[in-house]
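Heads up: the structure comes next, in structure tokens.
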Amino acid sequence: MPTPVLALEGVSKSFGAVAALRDVHLELHAHEAHGLVGENGAGKSTLVKILAGVHAPDTGTITLDGRPLRPAGPADARAAGIAVIYQEPTLFPDLSVSENIFMGRQPLRSLRRIDTALMRARAAELFDRLGVRLDPDRPARGLSIADQQLVEIAKAISLDARVLVMDEPTAALSGVEVERLFAVTRSLRDAGTAVLFISHRFDEVFALCQRITVMRDGRWVSTDPASALGVDEVVRRMVGREVSAMYPRQDSAAGAPRLQVRGLTRRGAFADVGFTVHAGEIVALAGLVGAGRSEVSRAIFGVDRYDSGEVLVDGVRLPPGDIAAAIRAGLALVPEDRRQQGLVMELSVERNTNLPRRWRLTRGGLLFGGAERRAAVGWAQRLQVKAGRLTDPVSTLSGGNQQKVVLAKWLATEPKVLIVDEPTRGIDVGTKAEVHRLLSELAADGVAVLMVSSELPEVLGMADRVLVMHEGRLTADIPRARADQETVMRAATGQAAAA
Amino acid sequence: MTLVDSPPAEAATQGTRVARRAFLVRELGIGLALVLLIAVTYAVNPRFLSAQNIKDLLLGSTILAILAVGQAVVVITRNVDLSAGSVLGLSAFATGAVFVAAPGLPIPLMLVIGTALGAVLGAVNGGLIAAAKVPALVVTLGTLYMFRGLDYTWATSRQINAADMPPAFLRMGTETVLGVPVLALFAVAVLVAVGYYLRHYRGGRELYAIGSDPAAARLSGIPGGRRVFAAFVASGALAGLAGVLHAARFGTIDANAGLGIELNVVAAVVVGGVAIFGGSGSVYGAALGAVLLTTIRAALPVLGVNPFWQDAAVGALILASIGLDRALSARVGRSLREGKAHG
């Protein structure tokens with residue numbers, strides 16, 4: 001084996017009492033894509049941040065081309081030739097897409113002025129290469145998560161780096177976009193770039209990578225050629241045990257109608273959406289990204305107003321645009337974007353957990369720390385949240401654990417109707433199975449669950465019924481027995497009005 | 001497998017066009033308000049547009065506009081500089097004191113000294129913010145009093161009169177070139193230089209990036225601390241320059257020069273469409289805001305509005321411009337979103 005382009009040796013990193021990485025080693029070679037898999041909290045994102053120069057390792061060494069690398073910051077790491085695509089997009093909403101791509105290294109003309117025309121042309125060139133149509137001049141504000149991710153990818157590609165680190169770049173992308181990204185990545189790899197690819201989607205890891213490293217609980221577990229591994233083996237190493245069934249759906253008898261939606265319309269987003277979710281039922285809301293699923297769930301919960309239609313919980317009409325009333329009526333929404341909408345990142349785990357029901361925990365109008373802690377501990381334990389202390393800010397947790405806190409927060413309100421938007425996006429298999437088990441249990445307890453999901457296996461595995469949306473309209477209502485990939489896909493692409 | 005499709009690009013460009021128009025509309029809107037105000041006041045009293053009155057308006061706007069440009073640079077980075085008025089005061093008094101000590105000092109050198117003094121005071125602000133990691137609001141509130149206190153201690157209730165300053169210097173405060181006051185030319189030069197830098201240089205764009213998303217700026221490798229420090233030095237330097245011009249214009253200086261002007265400056269910046277949470281707006285808007293505020297104060301007495309209502313009118317203008325910003329951003333957001341939903 002030739003000398004690696006980038007090597008990590010004995011790298012450890014702790015945040016307070018939580019050891020995020022312990023004695024990790026990793027070697028990336030030129031002309032090779034290297035897969036990194038592990039559950040949430042396994043330390044993948046910390047590893048990425050160390051490579052990016054955001055965190056300095058406590059111990060251990062990093063060598064780039066045989067020379068020790070100690071980046072003082074992200075600019076250093078980038079100058080050394082390491083490009084990083086972060087899991088969560090990091091764009092400047094007020095600036096144009098092309099400025100976002102070239103920030104800090106804009107092409108210059110005379111007198112060191114920015115060459116705006118050249119910058120725009122280069123951005124357009126990058127988008128051509130990725131096969132996407134994005135206007136380089138539009139502001140980043142208002143871009144969908146998929147488009148934001150594409151801008152991030154364009155940014156990383158434009159660096160022509162020696163090492164390209166991709167932390168779940170495909171979480172928000174469609175099949176076509178993923179294929180284009182892979183084509184570009186393969187051509188970069190063949191040109192000599194060392195690629196580190198992190199994903200929870202095993203099919204992608206196996207499609208792209210030659211070698212796969214597994215991490216668990218901040219430790220290195222194994223590195224093997226992809227050809228010598230199978231999905232089952234990787235999963236076993238990730239969790240350190242056999243995973244019980246991914247979709248532990250128990251059949252539960254549907255009860256009385258819990259959530260009724262009639263003729264819900266919001267101009268420009270969705271039109272005439274109507275359906276019913278019964279007690280004990282899990283109903284999936286499927287469709288392409290942009291079909292209006294999240295918008296519908298937000299309107300039901302009262303985050304956005306709607307132009308016409310009505311929402312009833314247990315037969316009682318909810319006032320539109322009133323979140324407090326929705327919560328009182330027993331509605332809970334676990335939003336798609338946990339960082340922006342689900343959590344107050346600076347507040348502690350326990351504060352976040354108790355936010356929606358803080359009034360119920362008060363005595364004489366005052367909130368006492370003891371009561372708050374006791375209330376938070378129960379849910380944190382039930383969901384197995386991995387945190388140093390419950391008083392730590394949520395921002396210090398890993399993605400999967402953050403998602404658990406969001407779930408805990410809403411489950412603690414003991415909802416009658418639970419709306420979950422992409423409940424398992426960007427979280428690992430182990431946590432995924434836990435979340436599925438939890439949803440199943442809740443349904444068995446008589447909760448009506450409405451699950452928005454883009455993961456077809458999840459939709460088919462979990463739902464009693466599948467509602468499909470296409471361009472703002474409900475195009476199908478498919479019972480579990482007749483739901484398969486084809487019927488759902490056809491309805492989602494508007495090819496046929498199935499059922 | 002996953003259910004997603006690629007974004008509709010055509011509709012997105014539609015949204016983009018609306019977005020771009022909105023930014024244009026923002027500065028045009030202030031210009032329009034200004035024209036309307038002048039037209040109405042002119043209709044009531046034609047003397048409002050006499051050569052002398054226009055000159056007074058421009059002179060009156062100059063100092064506020066220079067301060068607003070400096071303030072805008074800081075606000076764009078999601079900070080605020082409340083000490084601008086005190087820096088102006090110190091610099092104005094220093095101008096007088098230096099001329100008392102060295103009557104023959106060349107005027108350009110005096111401008112440099114004042115600007116440099118302001119830059120040093122700005123560096124104190126920037127240094128404290130970077131070192132103590134305390135919000136700029138608190139630090140500059142502290143230095144607002146500290147610098148003013150220095151001013152009082154130094155002046156010890158002395159007053160420097162026009163007779164103590166070189167006549168050529170005082171002439172600069174009133175002279176005109178082709179009908180335009182020399183002082184206003186300073187403001188225009190500052191405005192164009194800073195505006196050009198913010199638009200066409202990496203450093204300038206990075207200030208916007210820092211204000212737009214500080215965490216993302218860090219990940220992009222932007223030296224945030226250094227850039228914010230520089231923004232405060234620039235704001236201080238411009239306040240220092242404004243202090244020298246203040247001395248030239250009024251001729252009489254005591255320790256109260258520029259007292260309380262910082263809130264007017266922030267008002268001008270906000271009215272001018274610079275987002276108080278950073279990341280967007282332009283120095284041109286801020287300067288227009290300064291001109292609009294000055295014109296309102298001059299126009300209301302002409303229109304027969306009770307002086308007690310004048311502050312209320314300024315307040316209403318601030319609220320109206322914030323309302324306009326909200327409405328615009330909501331509209332832009334909607335058109336960008338609808339672009340998506342229809343694809």
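Every residue gets a Cβ built from N, Cα and C, even glycine.
Because TrEMBL annotations are produced automatically, they should be read as predictions rather than curated entries.
According to TrEMBL, the feature transmembrane segment maps to B:28-45 (among others).
As annotated by TrEMBL, transmembrane segment applies to B:57-76 (among others). A Cβ distance under 8 Å defines the sequence-distant neighbours of the transmembrane segment (B:57-76), meaning residues of its chain 6+ beyond its ends; these are 84-85, 88, 136, 180-181, 183-184, 186-187, 190-191, 194, 198, 207-208, 211, 231-232, 234-239, 241-242, 245-246, 249, 261, 264-266, 268-269, 272, 274-276, 278-283, 285-287, 289-291, 293-295, 297-298.
If one looks beyond the transmembrane segment (B:82-102) by at least 6 residues along the same chain, the residues whose Cβ comes under 8 Å of a Cβ in the stretch are 63, 67, 70-71, 110, 113-114, 117-118, 121-122, 125, 137, 140-141, 143-148, 150-151, 154-155, 160, 164-166, 169, 235-236, 239-244, 246-248, 253-262, 265-266. Per TrEMBL, transmembrane segment is recorded for B:82-102 (among others).
Sequence annotations record features per position, and here TrEMBL assigns transmembrane segment to B:109-132 (among others).
Within the same chain, residues 51, 54-55, 58-59, 61-63, 65-66, 69, 73, 76, 204-205, 207-208, 234, 238, 241, 245, 248-249, 282-284, 287 sit at least 6 positions outside the transmembrane segment (B:177-198) and bring their C-beta atoms closer than 8 Å to a C-beta of that stretch. What TrEMBL lists as transmembrane segment is B:177-198 (among others).
For B:228-247 (among others), the entry in TrEMBL reads transmembrane segment. Within the chain, the transmembrane segment (B:228-247) has long-range Cβ neighbours (under 8 A, six or more residues past its boundaries) at 62-63, 66-67, 69-71, 73-74, 76-77, 79, 81, 83-85, 87-96, 110-111, 113-127, 129-130, 136, 165, 169, 173, 183, 186, 190, 194, 203, 207, 210, 253, 257-258.
The transmembrane segment annotation in TrEMBL covers B:259-277 (among others). Residues 26-27, 29-30, 63-65, 67-68, 71-72, 75-76, 78, 80-86, 88-89, 144, 148, 211, 284-290, 292-293, 314, 317-318, 321-322, 325 of the same chain, all 6+ positions outside the transmembrane segment (B:259-277), place their C-beta atoms under 8 angstroms from a C-beta of that stretch.
Taking Cβ pairs closer than 8 Å, the transmembrane segment (B:109-132) reaches residues 79, 81, 83, 87-88, 90-91, 94-95, 98-99, 139-140, 142-143, 147, 169, 225, 228-244 in its own chain, all 6 or more past its ends.
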